[in-house]
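What follows is a single structure, written as structure tokens, with notes after it.
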């Protein structure tokens, strides 16, 4: 069975944040601290192996932990950050969370690791109703598949998951875990719920 200590983790903070008015979402304040700090707190309670993927504010993110850009200039979405994480991190298994989900559970890593089987390429969190495509754990052996996927212009992570041996980790006991804060309205709406 895959152990959490055998994994490295990347916080995805490389998006354009259009719905947030172009603000760097990692530095948007939620409950008195930047969203990036919520993500770091979640992971630090479970692992020491954390990096950030960002395409701007690199110096600011680097104050927290190792930070790297992805190699794509056209913002192909979270898959670019996942590719960068798989290439840059040392372990065979690399996990990913978004910077804008401040309510992820403190047993996230163990739940994802427990779902891994011998032939698993990717584990994706599932809340009982929907898959959560950017809360995931991936094996480095899929790098060539991501390369080919992006080279042909595909961007939808779910399509990549169909090309790989993907399994789901059950997070149905955590109904509010995957609230994603994409806009000022969502910050206000969920600020009192979480």
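Cβ atoms here come from the backbone N, Cα and C positions, even for glycine.
Quick look at what Swiss-Prot lists:
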BINDING   12, 13, 14, 25, 53, 70, 100  GTP binding site
BINDING   100  Mg(2+) binding site
Residues near residue 12 (GTP binding site) in space but at least six apart in sequence (CB under 8 A): 53, 78, 81, 82, 96, 97, 98, 99, 134
Packing count at residue 25 (GTP binding site) (other Cβ atoms within 10 Å of its Cβ): 26
Of 70, 100 (the binding-site residues), the residue whose Cβ has the fewest other Cβ atoms within 10 Å: 70
Proximal but sequence-remote residues of the same chain as residue 13 (GTP binding site) (Cβ under 8 Å, at least 6 apart): 24, 25, 26, 36, 39, 52, 53, 54, 61, 81, 99
